[in-house]
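If you look up TrEMBL, you'll see 12-31, 51-71, 83-100, 106-129, 150-168, 174-195, 248-268, 288-306, 313-331, 337-353, 365-385, 405-423 marked as transmembrane segment. Annotation source TrEMBL lists domain 'Major facilitator superfamily (MFS) profile' at 13-429.
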Amino acid sequence: MSDHNLEKKFKSFQIQSLVGVFIGYMCYYIVRNNFTFSTPYIQQDLGLSNTQIGFLTSLMLITYGCSKGLMSILADKANPRNFMALGLVLCVIVNIALGFSSGFYIFAGLVVLLGLFQGMGVGPSIITVGHWFPRRQRGRASTIWNVSHNLGGGLVAPIVGASLAYLGTENWRLSAYFIPAICAFIGVILIFILVKKRPVEEGLPTVEDMYQEDSVNKHIAKHLTKDPKDLTSKQIFVEHILKNPNSWYLVGVDIFTYMVRFGMLTWIPLYLLNVKGFSKADMGSAFLLYEWAAIPSTIVAGFLVDKLFRGKVMYLPMICLVVVFFCVFGYMSSSSVLAITLFSTIVGCLIYVPQSMVAVQAMEVIPSFALGSAVGLRGFMSYIVGSSLGTTLFGYVVDNFGWESGFYTIMVGAVLCFVFCYLSHRGLKKLEAL
């Protein structure tokens with residue numbers, strides 16, 4: 001094959017794979033967030049208490065956090081396309097089963113399964129981007145993919161809402177579970193059509209050879225005593241993740257990003273309604289803007305990293321975290337609806353930047369054959385530890401010391417996130433010096 005045709009084929013597979021994992025991960029969120037959207041109907045139909053609804057939601061989050069860790073480790077040794085498609089098929093089956101269920105304990109069991117299978121989406125996505133995109137394009141590719149979960153989560157309301165309007169609330173199970181399941185199954189088909197295997201498995205050169213660039217893989221290859229293909233999942237996880245300080249720096253960034261993100265998001269309704277005296281409409285607007293502001297900022301961040309911060313990925317999150325620190329203080333201190341909404345929107349806009357840039361930095365400091373394992377450790381720690389710091393710890397501090405102390409805790413989280421961003425940047429420079 002001529003160089004021109006080789007490059008053309010590589011770029012074609014590259015774009016197809018990105019579109020495939022984007023659609024696939026978007027569909028994962030459609031058959032995940034639909035459960036949250038359906039909770040009012042579950043509560044009314046089954047006569048469940050708020051405690052039981054909260055228990056079901058917690059079950060899925062905890063299971064998802066654990067599964068994200070395990071499944072991403074397994075994804076390192078699997079075909080990313082098949083692994084991602086299998087997980088989505090299983091989520092579709094669970095959603096159909098939810099539509100036929102009527103008992104609390106059956107719902108609980110199915111929600112655990114849903115959380116388990118949801119963990120099969122993120123690892124293959126990061127692995128695919130890492131294997132198909134060079135360093136100078138990974139910022140854009142990663143952030144474009146990262147928007148898929150915002151889009152998927154946002155599509156749940158119009159999909160289920162339109163279905164309810166057409167089918168009627170008496171058929172809420174069809175609207176809440178079956179219609180999203182059909183949408184996700186279309187996503188499964190598109191994953192099989194679009195997502196490619198690793199370049200070498202498709203008869204193409206590696207991304208480093210294709211773009212003739214230096215990478216962490218080349219630096220680490222000099223010190224490997226064993227071919228990565230001969231390493232087990234356990235060996236990869238222990239030797240290249242658990243014993244790798246660069247991996248733990250990224251874990252630190254993720255933990256404190258989630259602490260700030262969930263610390264703001266979870267408490268917006270209660271804080272704005274009960275403390276700041278917002279109307280429900282104003283609170284709803286602030287809540288919506290906090291989430292949706294992340295979409296344009298994440299995409300812009302990807303372009304900025306590729307154009308201005310190449311090789312210095314963590315500089316951008318560090319700048320954003322300084323702004324977040326002062327905006328959390330402004331959010332706490334202000335009294336006008338406009339100012340409070342503006343400060344919360346800026347926090348929502350910028351706190352997703354370190355979260356999305358962690359994936360890009362991982363491709364800089366973690367060998368490509370261990371990317372899934374790195375995602376697994378970060379996913380587990382961010383959901384189990386990070387989200388708990390922003391929800392349980394924040395609530396405890398507020399109950400015992402007041403709301404201001406709660407937000408000072410969030411500001412400390414932003415400072416610690418900044419520190420881990422710096423440590424990760426320093427770790428990259430040490431790798432490049434090998």
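Here the Cβ of each residue, glycine as well, is placed from N, Cα and C on the backbone.
Here the transmembrane segment (83-100) has long-range neighbours at 21, 24, 27-28, 31-32, 34-35, 71, 74-75, 107, 110, 113-114, 117-121, 123-125, 173-174, 176-178, 180-181, 184-185, 187-188, 191-192, 195, meaning same-chain residues at least 6 beyond its ends whose C-beta is under 8 angstroms from one of its own. Contact between the transmembrane segment (51-71) and the transmembrane segment (365-385) is supported by 3 or more Cβ pairs under 8 Å, counting only residues 6 or more apart in sequence. Below 8 angstroms of C-beta separation, residues 61-62, 64-66, 68-76, 119, 122-124, 126-127, 130-131, 216-217, 220, 228, 231, 233, 236-237, 240-242, 244, 246-247, 250-251, 254-255, 257-258, 358-359, 424, 427-428, 431 of the same chain, each at least six residues beyond the ends of the transmembrane segment (365-385), sit close to that stretch. Between the transmembrane segment (150-168) and the stretches 174-195, 288-306, 337-353, 405-423, Cβ pairs under 8 Å are most numerous for 174-195. For the transmembrane segment (337-353), the partner stretch with the most Cβ pairs below 8 Å, chosen from 174-195, 288-306, 405-423, is 288-306. Across 12-31, 106-129, 288-306, stretch 12-31 shows the highest tally of CB pairs under 8 A with the transmembrane segment (174-195).
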